[in-house]
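Database features, via TrEMBL:
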| type | residues | note |
| --- | --- | --- |
| DOMAIN | 197-298 | domain 'Fe2OG dioxygenase' |
Ligand SMILES: O=C(O)CCC(=O)C(=O)O
């Protein structure tokens with residue numbers, strides 16, 4: 001698995017001021033898309049403290065269930081990841097992307113693998129490119145880490161990422177337990193697939209662009225995993241979620257919240273009850289935008305297919321997705337360019 005090497009957009013903008021957009025990044029069709037205005041639509045907000053509170057958890061769990069069915073996206077407030085862990089992560093990600101290009105290149109991706117500083121999903125020389133640089137790392141379980149790609153600058157990067165990764169993993173596990181119960185399953189039904197579950201992180205740096213309406217920061221896609229928790233590092237808006245009518249709803253990040261989304265594996269596990277929704281990132285004309293996406297997937301030894309408990313009482317033809325081993329699933333995902341939900345289509349029976 002690999003992605004073809006591409007130039008750093010941050011370095012290109014630093015050299016040219018970002019006024020000139022090379023043809024490989026130009027996607028003028030984006031400007032024609034309908035985007036919801038302020039107050040028109042917003043993804044739901046779920047309060048983690050209420051989910052855990054005996055007196056109100058039932059109502060909040062019902063809201064979570066509806067959010068997963070209808071939106072596949074929500075903002076999670078009052079999660080218990082300490083402020084210093086969140087703020088430390090933000091500062092270290094900003095610190096890393098603020099380093100000189102030569103220093104960042106010390107953790108550049110290498111041919112044949114995905115981890116490191118670079119880009120993902122570039123599979124051909126004539127494919128349109130995203131206006132972003134990324135750092136992609138395996139973070140859990142710890143034995144899956146390749147420290148070769150973990151920056152040692154800023155000096156607190158590694159210890160901060162270690163603490164952040166464990167804290168976010170813990171929130172994801174508890175959310176998956178509540179979702180299992182909401183689906184009428186044992187609380188550990190999904191988690192049991194995740195013993196030795198995998199977490200990876202994608203740190204995104206989206207430079208500003210004078211012609212922001214002609215480029216895309218992150219192409220429309222859905223995530224391959226079970227559950228993604230995104231931290232908006234600097235509160236610059238850019239994430240947009242696609243609605244069924246084809247319009248895009250901007251996410252207005254709440255201070256300290258995680259933006260959480262259902263991934264393709266959860267859509268497959270739940271045989272379509274929960275929806276993994278297409279999303280994209282757009283670019284700001286003035287300011288760089290940064291985000292950290294934490295992807296949570298089952299163990300690499302798990303099989304990916306509809307959970308038997310959710311389909312046994314239905315007619316076999318209602319089973320919507322194939323069952324494949326997790327390794328083949330990941331290989332398939334990373335071998336094509338991101339194109340909306342086309343990957344999930346290939347998993348359909
Ligand atoms: O930049 C964002 O807010 C979202 C990033 C994202 O969709 C991803 O990393 O999968």
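The backbone N, Cα and C atoms fix where each Cβ goes, and this holds for glycine too.
Here the structure is a predicted model, which means the values were calculated and not measured.
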Whole-number mean of pLDDT values that fall within the domain 'Fe2OG dioxygenase' (197-298): 95
Tally of residues which DSSP labels helix, strand or coil - the domain 'Fe2OG dioxygenase' (197-298): 9 helix, 43 strand, 50 coil
